[in-house]
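Student: Pasting a structure here, questions to come.
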């Protein structure tokens, strides 16, 4: 029905729009209908050394976002809380088994409390509805937090990703052979675990099964069987089979791919004599990684990067200079040549399958073939998440799996071009990239000052290690615990001090205490209901303030990131906090500085913590509105009700946390938007001009770039927003008028004269 309405709207829109058209608009529409397929096209490339405004704004370092609107997420969160046992598998997946059992116990206790209350409605209704509202609120917030994983397929993403990487290298087996001999002909030994055995070992050890390709120089290959976890030594496949497979595959390559492969082979043959020795294997590995990273980036973009030959030539000439000083030129043996041709053909076929992650797939297999270190695997997966977002592991697939993956991601609206452009924006950050930029930074080792070429990731890694080593305070955790205990005992304390004075408290009996604790005659159902309410209030309130403490810790870490970043250009403070130091005396240094700024701003939890803070902000506004309405209804009797006192306690505690978050957020913004750093660097440039007049032109260029950077930061930086919501201006003004009008009415009623706290800006 909705689609028919949209079609009808589009039809009528075109119908009435036809009466407004002139000849020029009709001709343009006809040209657009014909399309641009017949237009001449040239091969192009994207310059990876340039930056986009997204890099300064921070959107280049994309974070995971939900594909479902917040209204649907709220509805699903409420349903999953109300029918908690029916969604047990989902709750176990997004939390853990122990937490699920604890939450299930709280859920069952809440159901029992509701049943007992409806049987004997004697207890105050606020004591029953309070925990229920907290449970619904936190369940909805948690559903909003984990919403980025809803569209992902369930199961072990690591194993699925590695299965697709294997198919990337081997190609589609159905097009070559129907049996396992195709893998043997390719000379690639893959390790696949049986479903039962693999799941057993994954459950037992908690590690991903790795497929290892080890091509040894002594004619053997080492395979690891996932079923028994024992190495199996196999003889290398004969070279004629590899050559026959390569000859058969050459006929399937396009002319452009064949020329590209031959160009890389010609570049590689020039130094193969120097790189074939065992002692210089590291240089050969760097050459292969460099070749694949450059060609992989060009194949991802669908463009031919014409400048890669010159880049490769410079890198390979450097490697030749390093190796010719040690070794004389020797003729490459037939084994090395066959292995090089085999790897080149396998890589070309992987890029031909149309996958955006082909170069990274072979890069990972190359690293896995050198060693079985878990650190390199973890680092590679982190790079995958950085360069291609959270969808990368499920998006890298071969042609044969396209339908299967599309069915898994039927609800995903992610444009595949987004990953391509994201890679180009971040291509210069990759360590194996020829365009990776480094800055000459100063580090201190004791009292010694040393220089070191560092990249953005290395500098940010040092900053993050300093932040992680920072001793966090526990003041707000203690505040949350105190408020939790106070709210749990509040109904009992309110009845106790309301009905008993200080003299009567000295001679109070246990039966009277039990009666005051229950709020009714202490019969068995009432006692059970009171104990359940106390336990529910204690646990759920602690969980709520625990989430608030997590948000406060995250904001504190953001502030520390910004603080250490602002100290990078200060020699004294950089030495004090043991972080790298460099000046903005070159254009490349400014580029690194801007990129590091955006990178650190996007590190750590972002959307998940913003969801928590936004929920707390809206809860605070709601409680403030309710309190104002209660005061306006009767300010003399406002404090007679226990729930009004409870509202005031909640409002005071939430305001303390929000003030803390607001102060940390504003200070973080000030650190990142500190224009005085750029102005100081401009002064330093003028000082250098005075000392080195021969470099005046170069320093003037850097000074102009600094001025542009200052203007750009002022243009893009926005003030800190605590609520983290993208709110319509009309809705925002209405909400502000309603809340501030209520506060104005309360103050006017208490003080005796009219006062206005709001003013609508046009």
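Glycine residues also receive a Cβ, built from the backbone N, Cα and C atoms like all the rest.
Keep in mind it's a predicted model, so treat the numbers as computed, not measured.
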Student: Based on the annotations in Swiss-Prot, which residue of 124, 179 is described as N-linked glycosylation site?
Tutor: 179
Student: Identify the transmembrane segment range according to Swiss-Prot, selecting from 428-448, 449-469, 512-532, 533-553.
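Tutor: Among 428-448, 449-469, 512-532, 533-553, the range Swiss-Prot annotates as transmembrane segment is 512-532.
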Student: In Swiss-Prot, one of 152-188, 189-225, 226-262, 263-299 is tagged region 'Disordered'. Which stretch would that be?
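Tutor: It is 152-188 that Swiss-Prot describes as region 'Disordered'.
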Student: Going along the chain, which residues at least six beyond the ends of the transmembrane segment (473-493) come within the CB cut-off of under 8 Å?
Tutor: 124, 127, 516-517, 519, 533-534, 537-538, 541-542, 545-546, 548-549, 552, 642, 645-646, 649-650, 653, 656-657, 660
Student: With every protein chain in view, what's the tally of Cβ atoms within 10 Å of the Cβ of residue 674 (N-linked glycosylation site), excluding that atom itself?
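Tutor: Residue 674 (N-linked glycosylation site): 16 neighbouring Cβ atoms within 10 Å.
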Student: Quickly jot the same-chain residues contacting the transmembrane segment (611-631) by Cβ under 8 Å, restricted to those at least six beyond its ends, or write none.
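Tutor: For the transmembrane segment (611-631), the far contacts come to 137, 140-141, 144-145, 547-548, 550-551, 638, 644, 647-648, 650-651, 654-655, 657-658, 661, 722-725, 735, 738-739, 742-743, 745-746, 749-750.
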Student: On the 0 to 100 pLDDT scale, where does the domain 'PHTF' (6-150) sit on average?
Tutor: 84
